[in-house]
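The following features are taken from TrEMBL:
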type    : residues               : note
DOMAIN  : 9-215                  : domain 'ATP-grasp'
BINDING : 45, 52, 53, 54, 94, 99 : ATP binding site
BINDING : 187, 201               : Mg(2+) binding site
BINDING : 251, 308, 309, 310     : substrate binding site
Ligand SMILES: Nc1ncnc2c1ncn2[C@@H]1O[C@H](COP(=O)(O)OP(=O)(O)O)[C@@H](O)[C@H]1O
Ligand SMILES: [Mg+2]
């Protein structure tokens, strides 16, 4: 789960990283009051979980409280890069001398953490990284050793950051560890004209697997989540919405992952990842089908089940009960294998539902589902 900037700012502050004074609001009137408390001038910042807010008009400097109220009124309710603005943060304006980029991120390619730092931070960091990759230092961080002040000094000097940023680098690592984060990013980390080092923007991605011990964030993320994913989660399904047209339902994460690959190999695009897990009861299958079919982009559905503890005849009964409950209008291709596969196939054959066909192999099923998606 990604945090909002104001939540990241709070974490930074909790861990002793200097941040500008700031307050959060949803009301233009209150924005005026906040600007007054901040000394009149303020930076009004849309709280949306997307980068590039500055370039999209979501970060604006205002000269006085009246301008803060007006800007807040204009900004609230608009969309920044497709994200509706419901909350604003007003921050104290800082006199920036230099902008840096720093982050720690779990690097899945190397199976470890990386420190990424650059002396040319700010809103153009992507261009800097694309055109001057040598300006971006990438330094592995050992998870057990962490970022000591020696290590922080190494990172700072590799990226050409002033030595006084080392303290922030150490504390930022503490944020990552204490908060179970997969990413902590500060862009920009600034040196002010007065010589202070401050974190002006923050992005933190928490590890969802650690949610049980980071309970304070709750489930507030749902307002930003895909509505189908929210519904699937409420029904206890492991569903991830993707961009394609072939709906996928399978049992076991490994089987579902390989089903996505095989469908892609047939020239179609999977519309989702949906793992119904071990218990493929009629109810679970019906829930799965209704979630997958609720995606308007879906043109065919591939059900790929390998019977184990749940035998294929039970799954076949589940599919038919689900079809009766959900009444699909798009074709289903079913591949059953494993425990009691023959009985499962016989149950589907006997019913001969016009929208349900079977395939003997996973490759055959994927080919057929792809074909149906392109002709349906
Ligand atoms: N409190 C602040 N004082 C002065 N300038 C700021 C402040 N906050 C942001 N900025 C400026 O606005 C730019 C964009 O803001 P930022 O919070 O990084 O949003 P985003 O990364 O989404 O564009 C920053 O690089 C910085 O130059
Ligand atoms: Mg930024």
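Backbone N, Cα and C atoms are what each Cβ position is placed from, and that goes for glycine too.
Automatic, uncurated: that is what TrEMBL annotation is.
The distance from the Cα of residue 52 (ATP binding site) to the Cα of residue 187 (Mg(2+) binding site) comes to 11 Å.
Local packing around the Cβ, expressed as the count of other Cβ atoms within 10 angstroms, is greatest for 54 among the binding-site residues 52, 54, 308.
Residue 201 (Mg(2+) binding site) sits 10 Å from residue 45 (ATP binding site), counting Cα to Cα.
Checked against residue 308 (substrate binding site), the binding-site residues 45, 53, 54, 94, 99 differ in C-alpha distance, with 53 being the nearest. Contacts of residue 187 (Mg(2+) binding site) defined by a Cβ separation under 8 A and a same-chain sequence distance of 6+ are given as 99, 101, 102, 103, 121, 122, 125, 201, 203, in order along the sequence. Filtering 53, 54, 94, 201, 309, 310 by Cβ distance to ligand 1 (under 6 A) retains the following binding-site residues: 53, 54, 94, 201. When the binding-site residues 251, 309, 310 are compared by Cα distance to residue 45 (ATP binding site), the shortest distance belongs to 251. Proximity to ligand 2 at the level of Cβ atoms, with a cut-off under 6 angstroms, picks out 187, 201 from the binding-site residues 187, 201, 251, 308, 309, 310. Of all the binding-site residues listed here (99, 201), it is 99 whose C-beta has the fewest other C-beta atoms within 10 angstroms.
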